[in-house]
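Shown next, in structure tokens, is the structure this report addresses.
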Amino acid sequence: MINIAILGYGTIGSGVAEVLNTNKDSIAARAGQEVNVKHVLDLREFLGDPIQDKIVHDINVILDDPEIDVVVETMGGTTPAYEYVKSALLKGKSVATSNKNLVAAHGAELIEIAKKNNINFLFEASVGGGIPIIRPLNSSLTADEIEEITGILNGTTNYILSKMTKDGSEFEDVLKEAQEKGYAERDPKADVEGLDAGRKIAILTSLVCGQQVDFEEIYIEGITKITAKDIKYAKALSRAIKLFATSKKHGDSFYVMVAPVMISPEHPLYSVNDVFNGIFVHGNVLGDAMFYGSGAGKLPTASAVVADVVDIIKHLHKNIFIDWSSTKKELIDISNTSKRFFFRVHKDTSRDEILKVFEGAQIIDLEGLSDEYGVITQSMTEKEYNEKTSNFDVINMIRVED
């Protein structure tokens, strides 16, 4: 029997306990032995809960217990999660976590500590929730040079954009509805401003290149500026607007960005709607691959955490190599990357001047929007686009991918 401890008994932590109980026999068969939750760290008591007798309030009870082999961290944030996880690893206890903030900020260091102690620090649930992506990148796809990862990595923003597209609603109205349904937090900043997706693509890029990609250096735009009018243009063009987290290899470096993108029906991620997530991967040998499923939620995320626990048990005192060093990876300035752009301008903006500056551009007029019109450019760099639009009063801009 293997004894584990869970740090944090919130949504994911309680989900881990539930998955371990619901699938107890099949998990034991796959792990090779029974998995027992011995301790649960939380400030609260949970009277009446089956876990109540296992609640502890002091991390040292777990750290100093020689019977605990695996620690599951589901607290979120970096304080005190980082201190607790690092201490557990230094005590020779493997860790499975769902905490993207922790992994993005301290992943390289914690992986190195685990390596030195011949144990494991695993984090499958930190990016795709219930979608397996970390393990495939670290095992199944190791023969490939991964040239691109593009994902819809945040269920909240995908739900909002899907709902805006379906109903023609404004962002603020759909956000309020999402909060009422529990799809969005009371403070939605991390989701709607792209920070959540930014941390996730930082983790994926770090794994692909084997070096530290700092979240703070990624160009990030959220969806707060997307309006019902933008959606109307996208529909007229038979396109959809999605929040993409993209990492593309250019030579020896990477271009990484989180931003809304207007895509065509031919794009692999076009049909990923509502709270679902999708991750597109292109390898130089594999070609294209897609990963799709529930990117968040109690049980899907807990399922991924428990899968890591099983993997750890199958590799007790044997480190699973993860190529992610603390050496910082310099990213390509996005101003030098090329793409097409959609932008909106007021009706009194000279069309002749637009077509003169943006040679080969497409003008879009929509019924009911007589006070403005849209423009889709030919491919150009971000720098060129910014220079060309500097003399125009642009209402909004969205990048375009086919």
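Note: Cβ is positioned from N, Cα and C throughout, glycine not excepted.
Other Cβ atoms within 10 Å of the Cβ of Ile12 (NADP(+) binding site), summed over all protein chains shown, number 27. If you look up TrEMBL, you'll see Leu7, Gly8, Tyr9, Gly10, Thr11, Ile12, Gly13, Ser14 marked as NADP(+) binding site.
Residues or ranges marked as domain 'Aspartate/homoserine dehydrogenase NAD-binding' in TrEMBL: 8-124. Residues belonging to the domain 'Aspartate/homoserine dehydrogenase NAD-binding' (8-124) score a mean pLDDT of 98 in the model.
Residues or ranges marked as NADPH binding site in TrEMBL: Lys100. Taking Cβ-Cβ distances under 8 Å and a sequence separation of 6 or more, the neighbours of Lys100 (NADPH binding site) in its chain are Ser126, Val127, Asp196, Arg199, Lys200, Ile203.
Under the heading domain 'Homoserine dehydrogenase catalytic', TrEMBL lists 132-310.
What TrEMBL records for Glu185 is L-homoserine binding site. Within 10 Å of the Cβ of Glu185 (L-homoserine binding site) there are 14 other Cβ atoms, across all protein chains.
Under the DSSP three-state reduction, Lys200 (active site, proton donor) is assigned to helix. Under the heading active site, proton donor, TrEMBL lists Lys200.
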Rounded Cα-Cα span from Glu185 (L-homoserine binding site) to Gly8 (NADP(+) binding site), Å: 18
Sorted by sequence, non-Leu7, Gly8, Tyr9, Gly10, Thr11, Ile12, Gly13, Ser14 residues with Cβ within 8 Å of centre, NADP(+): Ile6, Gly15, Val16, Asp42, Thr74, Met75
DSSP residue counts for the domain 'Aspartate/homoserine dehydrogenase NAD-binding' (8-124), split into helix, strand and coil: 55 helix, 21 strand, 41 coil
CB within-chain contacts under 8 A for Gly13 (NADP(+) binding site), separation at least 6: Ile6, Leu7, Val40, Asp42, Val72, Thr74, Met75
Spatial separation of Glu185 (L-homoserine binding site) from Ile12 (NADP(+) binding site) - C-alpha basis, Å: 15
Cα proximity to Glu185 (L-homoserine binding site), best match among binding-site residues Tyr9, Gly10, Ser14: Gly10
Spatial neighbours of Gly10 (NADP(+) binding site) that are distant in sequence (at least 6 apart) but have CB under 8 A: Thr74, Met75, Gly76
